[in-house]
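Colleague: Straight out of TrEMBL:
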type	residues	note
BINDING	G80, V83, N87, N345, L477, S481	Na(+) binding site
REGION	676-718	region 'Disordered'
TRANSMEM	74-92	transmembrane segment
TRANSMEM	104-125	transmembrane segment
TRANSMEM	146-173	transmembrane segment
TRANSMEM	228-248	transmembrane segment
TRANSMEM	257-278	transmembrane segment
TRANSMEM	306-327	transmembrane segment
TRANSMEM	339-360	transmembrane segment
TRANSMEM	465-490	transmembrane segment
TRANSMEM	502-520	transmembrane segment
TRANSMEM	540-557	transmembrane segment
TRANSMEM	578-601	transmembrane segment
TRANSMEM	621-644	transmembrane segment
Amino acid sequence: MPKNSKAVKRELDDDVTESVRDLLSNEDACDDSFKKSSLIVNNHEGEGKECDVEEGGSDAEEEERPAWNSKLQYILAQVGFSVGLGNVWRFPYLCQKNGGGAYLVPYLILLILIGIPLFFLELAVGQRIRRGSIGVWNYISPRLGGIGFASCVVCFFVALYYNVIISWSLFYFSQSFQQPLPWHECPLVKNKTSTYVVPECEKSSATTYYWYREALDISDSISESGGLNWKMTVCLLVAWSMVCLAMIKGIQSSGKVMYFSSLFPYVVLVCFLVRSLLLKGSMDGIRHMFTPKLEIMLEAKVWREAATQVFFALGLGFGGVIAFSSYNKRDNNCHFDAVLVSFINFFTSVLATLVVFAVLGFKANIMNSKCVAMNTNKILTLLGSGILEQNLIPHHMNLTQVNQVSGEDYHKMIDHIKGVKQDKFESLGLEACSIEDELNKAVQGTGLAFIAFTEAMTHFPASPFWSVMFFLMLVNLGLGSMFGTIEGILTPLIDTFKVRKEFLTVGCCVLAFSIGLLFVQRSGNYFVTMFDDYSATLPLLIVVILENVAIAWFYGIDKFFEDLKDMLGFTPYRFYYYMWKYITPILLMVLLCSSFIQLIMTPPSYSAWIQEEAIEKTLRFPPWGIVVCISLVVMAILPVPVVFGLRYFNIISENTSGLSTVSYKKGRIIKETARPEEDDDASLIHGKSPSEAPSPMPGNSIYRKQSGSGGTDVDTAPNGRYGIGYLMADMPDMPESDL
């Protein structure tokens, strides 16, 4: 049980012990008389102690649980958490790689079979139990309490490197206020005799050089630390300061920031879409995206990648979804929220993909024009040397005006030359210059955002403005996800250990920044790749499988449906019953096994940038790197077996610190865990009858103080515990049957 769940005992004419379901169903989260009421606990020395009664029945000493200021604020928080950088740079890449528009079919199917049911499940348990992930899973089953701790560990790992990506975006944002943009052209090196282009840039491209050399100043391998990159260190400090300031007051501060951080990216995406559609070649990119390659849908890899994307797009398993929903009213329609946020996430991914492919189509046309011009010059050279004859060139083409040669004319000319010079064509060194080939160059992640997109923006009119908007959008998308990730750490720890939010937030951010210095070394990008690949995928899959199994099989799917009916006011579709109990766990197990097999078959490796050759090479992690990869997975999952073992062998009692579990049905208590020798005011049900309960301490009495009233009425608890979760004052309309 969560420590701050309460025993509810009332003395009217008879002593009545209510079931948890009756207690929760009667509670009105909006009732001001309930929220503003407080308890006066008098000890035998006559000193009074005033304690706030929290909505939902928390500890007497604890303040009332915060709540969202509005439903819109809550929806924006969930959207901000689920819609992140992956929607902008991973979903378009997966579309490009897995059949274009055909990829949307498996994605939608798996969104319905895995995404929405699991998202609904996390929203429901958080809203019902009103605790973070640790408290929720302790309540469901103390032996599975490690699930909540595992979620916190994964959240911390992800927060470490995710904020580094925000710091990269901040750096590019700060550099975008220049005309021309600093990555527009390769830098020149001057010496006493000549001026020449930096060789590393000449071999790659201006945007690639700027990313690897100017921004990251990257080393050649993960083993070469190279020291701290001071520019990125400052940006990381700014990023963590922003997160700390936004989170320090909990949802009261972060909720207000959500209005901007969640909505601004949509403004930018729409502006980018309108602008990119006016550019030459944008429709080529969109046509490429929506041209389905249906045969690819038969490959198992496509379905596995779609399932993984659904899984991470909604933020399942992190605990952020549970934490945000725990601040909701109990009668909030979380089923509607689950469907709404899931489809907002999906349509955001489609919108971002439209923008990316429109811009990439524009870039592909520019690159194709450069290719045509370069190869036309080659043909002119071949004509001058006599290798090619003039009659191979169509009469209507004027090769002296290289920039006037269209792609269509160039392809006709190449086809004609290829037909005549079949044996010698390859030796001529002429390229096909196809827009499709440019669009098929799969770019994902940082390569898409910091190389491909930045290169395209250099060709935009007023490019600094669009660069500022783009990287400000990335910062906002990242912050929205960071708020949910940090909330997934803070809320469970605050609920469990009762520390002050401000101290814990500052301490967490300082610790994360200190560890995050690992990622702003010159080799830091390789550690980001390591954490991204190994600290989240397998651990989160295992966490979500355990969450699903805990609800469907340990807690009981029938009992959970009764809870949902009681909370929502209607019975959810039977579809969810079969999904939670059978289909979704099976699909998750298949996904886990395939991910595990892929992990074993693919040796741990990373893409390293080799400065001298100016190319990326795939290198294997050194032995110590493989140990770190394995350690990340083990550390994330370790809390689950550790807590289970401690509970199973009674090293830690299942109701220590009030974290006991109560099973109940409507109207009667099934299992009771309170101990008479423990004065545990946090257990959910004190199932002792008055005759069995220990006698109250002499002189101890509990009073109810009504807000706005001058007097107090004695309300003696039969067993001497501070077990008052309801205050009957100012509730004249409550039906007698509910009392």
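Keep in mind that glycine also has a Cβ here, set from the backbone N, Cα and C atoms.
Automatic prediction, not curation, is the source of TrEMBL annotations.
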Colleague: Sequence gap of 6 or more, Cβ distance under 8 Å: name the residues on the same chain that satisfy this around V83 (Na(+) binding site), in order along the sequence.
Modeller: S262, P265, I344, N345, T348, L477, G480, S481
Colleague: List, by number or range, the same-chain residues at least 6 past the transmembrane segment (339-360) whose CB is under 8 A from its CB atoms?
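Modeller: Non-local partners: 75, 78-79, 82-83, 87-89, 91-92, 95-96, 104, 107-108, 111, 115-116, 119-120, 266, 269-270, 272-273, 276-277, 279, 282-283, 285-286, 288-289, 313-314, 439, 448, 452-453, 456-457.
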Colleague: Quick check on the binding-site residues N87, N345, S481: which one has the highest count of other Cβ atoms within 10 Å of its Cβ?
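Modeller: Answer by Cβ density within 10 Å: S481.
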Colleague: Need a quick answer: max count of Cβ pairs under 8 Å to the transmembrane segment (502-520), which of 228-248, 257-278, 306-327 is it?
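Modeller: So the stretch in question is 228-248.
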Colleague: So, taking each listed stretch (228-248, 257-278, 465-490) in turn and counting its Cβ pairs to the transmembrane segment (146-173) that are under 8 angstroms, which one gives the highest count?
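Modeller: Looking at each of 228-248, 257-278, 465-490 in turn, the most contacts to the transmembrane segment (146-173) are made by 465-490.
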Colleague: If you count Cβ pairs under 8 Å, which stretch among 104-125, 465-490, 578-601 touches the transmembrane segment (540-557) the most?
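Modeller: The listed stretch sharing the most Cβ pairs with the transmembrane segment (540-557) is 578-601.
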Colleague: Between the transmembrane segment (578-601) and the transmembrane segment (104-125), do 3 or more CB pairs sit under 8 angstroms, pairs being 6 or more residues apart?
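Modeller: Counting Cβ pairs under 8 Å, at least 3, so yes.
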Colleague: Quick one: do the transmembrane segment (74-92) and the transmembrane segment (578-601) reach 3+ CB pairs under 8 Å, ignoring pairs fewer than 6 apart in sequence?
Modeller: no
Colleague: Only counting partners 6 or more residues apart, tell me which same-chain residues put their Cβ under 8 Å from the Cβ of G80 (Na(+) binding site).
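Modeller: Those within reach of G80 (Na(+) binding site), by Cβ under 8 Å and sequence separation of 6 or more, are M258, S261, S262, L479, G480, S481, F483, G484.
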Colleague: Taking the centroid of the Cβ atoms of G80, V83, N87, N345, L477, S481 as the Na(+) site, which other residues of that chain lie with their Cβ within 8 Å of it, listed in sequence order?
Modeller: V79, F81, S82, G84, L85, G86, S262, P265, T348, G480
Colleague: Same chain, outside the transmembrane segment (228-248) by at least 6, Cβ under 8 Å from its Cβ: which residues?
Modeller: 163-164, 166-168, 170-171, 174, 215-217, 254, 257, 479, 482-483, 486-487, 490, 501-502, 505-506, 509, 512-513, 516-517, 519-522, 524
Colleague: What else in the chain is close to the transmembrane segment (306-327), if you only count residues 6 or more beyond its ends and a Cβ gap under 8 Å?
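Modeller: For the transmembrane segment (306-327), the far contacts come to 65-68, 74, 77-78, 81-82, 84, 86-87, 90-91, 94, 98, 103, 106-107, 110-111, 114-115, 118-119, 122-127, 129-133, 136, 148, 151-152, 154-155, 158, 251, 334, 337, 341-342, 345, 349, 481, 483-485, 487-492, 536-537, 540-541, 543-544, 547, 587, 591, 595.
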Colleague: Under 8 Å between C-beta atoms and at least six residues away from its ends: which parts of the chain pack against the transmembrane segment (465-490)?
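Modeller: Distal contacts: 77-85, 87-88, 132-133, 151-152, 155-156, 158-159, 162-163, 165-166, 169-170, 172-173, 176-177, 181, 242-243, 246-247, 250-251, 254, 257-258, 260-262, 264-265, 268-269, 271-272, 275, 315, 318-324, 449, 453-454, 457, 501, 504-505, 508.
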Colleague: Looking only at Cβ atoms, how many others are within 10 Å of the one on L477 (Na(+) binding site)?
Modeller: 29
